[in-house]
Amino acid sequence: IAECTTALAHLSYECQLRQKQSEVENLLKKFTGEHWHACKGQREEIELARTMFSGLPCQLDPIRASPLVSGYRNKCEFSVGKDTSGEDVVGFRLGSYATGFVEVCPVDELKHIPDRVEMAVRLFQQFVRSSKQDVYNPEHQTGVFKQFVTRLSFATNEIMLIVGVNGKCLSEEDTEELKKDIKEFFTEKEGKSVNVTSLFYQDMRKKDKDNKKDVIDHLHGKSHITDEIHGLKFRISPETFFQINTPAADVLYNGIIELGSVNKDTTVLDICCGAGTIALCFAKHCKRVLGVEIIEEAVKDAKFNADANGIENCEFFTGNSDDFIFSLMNRSGVSSGDVLAVVDPPRAGLHVKSITQLRNAKNLNKLIYVSCAPKFVTKNWLDLMRPCSKTMKGEPFKLKRVMAVDMFPHTPHME
């Protein structure tokens, strides 16, 4: 399981960083080749950049290390099932069920999981083995215990536990009894040693048109936990997106602010803003921040976080970035002055509609693109840099600087 989840753990951390830096260099060299073939009118400029930056299209900073290398994950999602011997286990699958992996492996001594989380897993596994309810079987879609999620705050030492079940196998009476047993285990019995802050029960039954979201019931404690980045406090609810390595997120956001070079006349547009982490970190450095996010609950968290931190120059809107960028650019005070856009989209990148609106925004003079999967978003980069056309009327962006941050030590991934 260590080879699948922490594939670089056998290397020293210095070797991991060198390997990731090399991967970024190779990615940029491949991208500049794609740019050269796709944009004939820009080839002279591309060749000049290659000469200046040793074959790369722009300045590449040294990779920035994570301040915390072991036990850094503040959120873990564990599967519940049976191991190869048929024992009930809370851990990770070696792959997805769709690709043929049914068995669950224990997570003892994985380098990226905090000790307190490992303890919570062991104790919940003990609860599962003593329960009259079965673990979930993905092949037959039977059984109850399906998932166990932990969320941990390094700033406050608070921990949230979410027990995910296949509710369709339970009667109403069995459901209430199971909720009662879970609560008692973590508040009065062996699980009390976890010192849980927030405890939830999540019904993960197969969704239909009338049930678009899982039902999450609050069993005990606070409805959220609180973590800190850049000296700001952020509320984390069960489904809130939050970077999984908090100390490295601080490094990432400091890097983004450095790249932005904003001043008191700058308006920042935070596209795909989530719970407002990037927006609020920018707030004290600029005139105002406007954030847009498609998930309504995340926008509620963003507004709450702004109020909780006494930040008044941020506004957050619920909407699809594909349709919202133009309206943000046309708000009072944005159409004139310095404007910076920060995009932090899902792994697949931005839709072409968003790219078109960014290109056509007249006074948008700087863009920061944040990605956890750069291999999948180079098409976005290319579309942002193509020469003007009937669709892309604005001037093309130019790639100026790339910075990698190691958000995920012991794995091949980075931001």
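Glycine residues also receive a Cβ, built from the backbone N, Cα and C atoms like all the rest.
Here's what TrEMBL has on this protein:
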type	residues	note
ACT_SITE	C372	active site
ACT_SITE	C372	active site, nucleophile
BINDING	Q243, E293, D344	S-adenosyl-L-methionine binding site
Q243 (S-adenosyl-L-methionine binding site) versus C372 (active site) - Cα distance in angstrom: 11
Remaining residues near the recorded S-adenosyl-L-methionine site, that is with C-beta within 8 Å of the centroid of the site residues Q243, E293, D344: F241, C272, C273, G274, A275, T277, I278, V370
Collapsed DSSP category at D344 (S-adenosyl-L-methionine binding site): coil
Neighbouring C-beta atoms (10 Å sphere around the C-beta of E293 (S-adenosyl-L-methionine binding site)): 27
Where C372 (active site) falls in three-state DSSP terms: coil
Largest inter-residue Cα distance among Q243, E293, D344 [record-listed S-adenosyl-L-methionine binders, Å]: 16
Sequence-distant neighbours of D344 (S-adenosyl-L-methionine binding site) in its chain (C-beta under 8 A, six or more apart): D270, I271, C272, C273, G274, I278, V370, S371
C372 (active site): tally of other CB atoms within 10 A of its CB: 18
Nonlocal residues around Q243 (S-adenosyl-L-methionine binding site), in sequence order (Cβ under 8 Å, 6 or more apart): I229, A249, L252, T277, M407
